[in-house]
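Peer 1: Before I ask anything, here is the structure I am working with.
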Amino acid sequence: MAILLSTPSSSSLSSSLLNLKPPSVSAFRTSSSSLFPTNTFTPKCSIFYASPIPIPIRGFGSKTSLFEVGGGNYGSYKSREISAKSSGIETGGTSSLTQSVFGVLHLIVSLGLILAMDKFLKQAFVAASIKFPSALFGMFCIFSVLIILDSTVPSAAKALVNFFEPAFLFIQRWLPLFYVPSLVVLPLYVKDIPAASGIKISLIIVGGWLATLCVAGFTAIAVRKAVNTQLVDAEPMGKPSPFSTIEVWTWTAVLITSFVVALFYPTALGTSARTCLPFLLAATVLGYIVGSGLPSNVKKVFHPIICCALSADITAYAFAYLSKSGLEPVLGYYLTKVSSNPGAGDILMGFLGSVILSFAFSMFKQRKLVKRHAAEIFTSVIISTVFSLYSTALVGRLVGLEPSLTVSILPRCITVALALSIVSLFEGANPSLTAVVVVVTGLVGANFVQGALDKLNFRDPIARGIATASSAHGLGTAALSAKEPEALPFCAIAYALNGIFGSILCSIPAVRESLLAIIG
């Protein structure tokens, strides 16, 4: 049965068209059995009514979901509307996928360039028999280029920083992971150290950390009072993305699959170290991801890097037990120190040079802050670095620690990459012990630095940031990043400068000779 609408007058039609309202979508979200009967449906003016000619509105029965309005039908309109929305979703999904692909490619290219530059500089310095840290030289080069571009073509400097931003955030996200290998293989390196020497080293680590923290913090406060420079807001620092469920499941799949393959085919990838690399790397990464997700009160005692190292060691022990190969050989596969046959630890430590190169970008971003607070930053960092080196040498002699061990722990408050370069300048040093001591110092600082700063009544963000980085380097910086954003820029700057000054000092023969004279 058809229902005819009478033709409205021109004035009423104009009024109706000015107050157009689309029909409620909910009215059409009924099942086909609950459509309005055609003999009771009284339509009002809608966007489908545009002609003064009587238009029939037909219902097609209770089993159809279409309303035909005039020469068209609402169902086809809704179909077109839904189709358009679906097309929009598909376009949005495609666009998002394209952005993700380009984002991954951008990360690969930018990070690859930094790693390639680090490798090239290492090879060049080895060929030229230059003992100065190659990554530090590269950092100076990058920073100089950025400063020159900023003074001549600012847009080019900004574009260069933006291009390497994904690589910088990647390094920042995974920074603690690059320190893990020395902890994972710790059982291999401490077995030859006498228990008495181990206790002395532990005392130097804890006492030296607290002493360096005090020296850096009180120096910063004293200089702050002297120069009386007003604190201004720092440049915002980008934060890496949190870990996702997809990452967890992906690394879990890699761990299980490669573990089983290595168990039944020990040399499937050519050597045992290469075959064990995937599951040992996956265990390390998973441990860090899980540890990072622990509650804050748990992380104060059980730091993510400890969880990370334990995860790798437990996995190594499980493989050693099931394969009956022994724990020591498996840990030897983790960190081979052979570039042609790398293990999981070699891959992670391969990023240490890129960490130093990334300092150039972090310092460039905060160049205005460095310039404004140069007196506080440089004075505090230089004094705390000199104090750390010479106090370690002196205390090592006073407690009767073996000279070779004392030399190995000299750069305890300097980031691993530069600490290893520093001890390579000394004869008889143990680089493995150096890496362990540096990481343990960072762990002590990461767990206790905020409580110590509060007890010492260090309230100034500059003093807190400099004291943290000068005593606990990268791990302290990572611990401070989420809780004290106002102190983080100073922490990041001091973290970079601390290693720079330490490397420069130890590259001076007179400084090395004076340190060795104190050690005896």
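Placed from the backbone N, Cα and C atoms, the Cβ positions cover glycine too.
Among the features that TrEMBL reports, transmembrane segment is placed at 97-117, 124-149, 169-189, 201-223, 243-265, 277-294, 347-365, 377-399, 405-426, 433-453.
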Peer 1: With Cβ-Cβ distances below 8 Å as the criterion, list the same-chain residues six or more beyond the ends of the transmembrane segment (124-149) that contact it, or say none.
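Peer 2: Answer is 117-118, 156-157, 160-161, 352-354, 356-357, 359-361, 363-364, 367, 417-418, 421, 424-425, 496, 499-500, 503, 507.
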Peer 1: Hey, would you say the transmembrane segment (405-426) packs against the transmembrane segment (201-223), going by three or more CB pairs under 8 A that are 6+ residues apart?
Peer 2: yes
Peer 1: Is it true that the transmembrane segment (169-189) and the transmembrane segment (277-294) have 3 or more CB pairs under 8 Å, sequence gap of 6 or more?
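Peer 2: Yes, the stretches contact each other.
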Peer 1: Can you find at least 3 Cβ pairs under 8 Å between the transmembrane segment (433-453) and the transmembrane segment (347-365), where each pair is 6 or more residues apart in sequence?
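Peer 2: No, the transmembrane segment (433-453) does not contact the transmembrane segment (347-365).
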Peer 1: Give me the stretch from 243-265, 347-365, 377-399 with the greatest number of Cβ pairs under 8 Å to the transmembrane segment (201-223).
Peer 2: 377-399
Peer 1: Please indicate, using numbers and ranges, the residues of the same chain that are 6 or more beyond the transmembrane segment (243-265) and have a C-beta under 8 Å from a C-beta there.
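Peer 2: Hits for the transmembrane segment (243-265): 275-276, 278-279, 281-283, 285-286, 289-290, 292-293, 315, 319, 322-323.
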